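Here is what Swiss-Prot records for this protein:
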- 10, 12, 44: divalent metal cation binding site (BINDING)
- 10, 11, 12, 36, 37, 58, 59, 60, 144: 4-CDP-2-C-methyl-D-erythritol 2-phosphate binding site (BINDING)
- 36: site 'Transition state stabilizer' (SITE)
- 135: site 'Transition state stabilizer' (SITE)
């Protein structure tokens, strides 16, 4: 059995005037994440983990931030396209585990919606998708509320 594990990471700065979208969920907050696309830090980390597990590079290789067609892109669309490319490469996604690190806002009320979106986009049962939320205990740039980080791991199997 050919199992593949991938790890993904992303971070974006929090700025005024942008919506805060994490895991495809718009979260009420006075600031949002800065980025070329919708800056969904969680979906970007998951996308990187999936591409990495299949040895297909990273999100920037497939959806470069220099390409105008990805300006303001919905990261759920990118995640679905990633899943299609993974399938074309001969893999099925087994599960995804992820962590979002944010001092604020509280993410717990939004976790179920994030999991549902990710499961839908990856065509997985929801019990194969996990999202955790942590603070940075007020340490560093994350603890000062300057940004939000996400980490993800994905398991693929070659079919």
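Using N, Cα and C of the backbone, Cβ positions are placed for all residues, glycine too.
What Swiss-Prot annotates, mapped onto the structure for a quick look.
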| residue | record | DSSP class |
| --- | --- | --- |
| 10 | divalent metal cation binding site | strand |
| 36 | site 'Transition state stabilizer' | coil |
| 44 | divalent metal cation binding site | helix |
| 59 | 4-CDP-2-C-methyl-D-erythritol 2-phosphate binding site | helix |
| 135 | site 'Transition state stabilizer' | coil |
| 144 | 4-CDP-2-C-methyl-D-erythritol 2-phosphate binding site | coil |
Across all protein chains in the structure, which of the recorded positions 12, 36, 44, 144 has the highest Cβ count within 10 Å? 44
Could you check which of these recorded positions, 36, 59, 135, sit within 10 Å of residue 44 (divalent metal cation binding site), going Cα to Cα? 59
Cβ distance under 8 Å to residue 10 (divalent metal cation binding site), same chain, sequence separation 6 or more: which residues? 41, 42, 44, 45, 48, 59, 149, 150
Under 8 Å Cβ to Cβ from residue 135 (site 'Transition state stabilizer'), same chain, six or more residues apart: give me those in sequence order, or none if nothing qualifies. 101, 102, 103, 142, 143
Alpha-carbon spacing, residue 144 (4-CDP-2-C-methyl-D-erythritol 2-phosphate binding site) to residue 36 (site 'Transition state stabilizer'), which is rounded to whole Å: 23
Could you state the CA-to-CA distance between residue 37 (4-CDP-2-C-methyl-D-erythritol 2-phosphate binding site) and residue 12 (divalent metal cation binding site) to the nearest Å? 11
4-CDP-2-C-methyl-D-erythritol 2-phosphate site span - longest C-alpha distance across 10, 11, 12, 36, 37, 58, 59, 60, 144, in Å: 28
Could you tell me the C-alpha distance between residue 12 (divalent metal cation binding site) and residue 36 (site 'Transition state stabilizer') in angstrom, no decimals? 10
Densest Cβ environment (other Cβ within 10 Å) across the binding-site residues 37, 59 belongs to 59
